[in-house]
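Read the structure below first, then the notes.
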Amino acid sequence: MFAMAGGIVLSLGNLSTQYAWALVGLSVTEVITSSITVVIGSTLNYFLDDKINKAEILFPGVACFLIAVCLGSAVHRSNADDNKAKLRDFETAKQEASGPSTEIGTNSSKDLETNVTTKPKEGTARFLIELENTRAIKVFGKRKIIGLAITFFAGLCFSLFSPAFNLATNDQWNRLKQGVPKLVVYTAFFYFSVSCFIIALILNVVFLYYPVLGLPKSSFKAYLNDWNGRYWAFLAGFLCGFGNGLQLMGGQAAGYAAADSVQALPLVSTFWGVVLFGEYRRSSRKTYLLLFCMLFMFISAVAVLMASSGHRK
């Protein structure tokens, strides 16, 4: 039951994260969710694992993750303000360009923004507008707090699946009867994966007919007939399951508190977001500074918590 509970909260966290990516962005979402996972999950696992991790190293690392969470929220707010300023300037430039007495030179920045015949550059207002038009989840007009709330909920779910799995394999609360063997990692992972799949199937079918955040209604038949991008989804699911399995195996060997901390999600997602998807292009210096500080704090925290690992007796 603990293993299945872990699969349920992981599935809820994964689904929430997919909405948070659209509203908050890859980099900030992954840093905040991963940091919350460590702050709550590693603390719970530290006590469940009979304190096999070095507390004098573990908790300073947890504090660094907590700072990374605060910086992630600041990055999101700063970037949202930058985008609002870009869109406001773009609308002003359009109004001036359409005025009878206004002439815009061919080399002016406003002309580059309003020239609809050229492909928009990443980070510009036109780029943001065209991106919004292709999104399934619309972000214009959404309150910033909605994206952050979904992100924090996802982080809370992620922080509970590892302690639940820890209880499933080590029975610290003595729920098993005398003489009943504990679950090995692989058996627990089977029940974990089954419950994760079932709850994901139920939630996805429900959201097809009762969508949230303004998404259009669909049907199970339309879902089965639409294979556009489905292969990427299968690949993502395989990588997620494979990574979870390795993390839980490592937690059983070296302590789940340390296993929670070794997460490269924010670093990889920041590369994807900035290099491939154009996140934070042409943002303010304040946003760049906060983004650097957030990633630096996260990397420092990972290094510190890796040093806290111990060995299960």
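Going from the start of the chain as shown, residues are counted 1 onward.
Glycine residues also receive a Cβ, built from the backbone N, Cα and C atoms like all the rest.
As recorded in TrEMBL, the features of this protein are as follows:
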type     : residues : note
TRANSMEM : 57-76    : transmembrane segment
REGION   : 91-115   : region 'Disordered'
COMPBIAS : 98-115   : compositional bias 'Polar residues'
TRANSMEM : 145-168  : transmembrane segment
TRANSMEM : 188-210  : transmembrane segment
TRANSMEM : 231-250  : transmembrane segment
TRANSMEM : 256-277  : transmembrane segment
TRANSMEM : 289-308  : transmembrane segment
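Between the transmembrane segment (231-250) and the listed ranges 57-76, 188-210, 289-308, the one holding the most Cβ pairs under 8 Å is 188-210.
Taking every listed stretch (145-168, 188-210, 289-308) in turn, the largest tally of C-beta pairs under 8 A with the transmembrane segment (57-76) is reached by 289-308. Panel annotation: around the transmembrane segment (145-168), residues 1-3, 5-7, 9-10, 12-14, 16-17, 19-20, 23-24, 28-29, 32-41, 44-45, 48-49, 69, 73, 76, 139, 175, 183, 188-189, 191-192, 247-248, 251, 256, 259-260 of the same chain, lying at least six beyond its termini, place a Cβ under 8 Å from a Cβ of the stretch.
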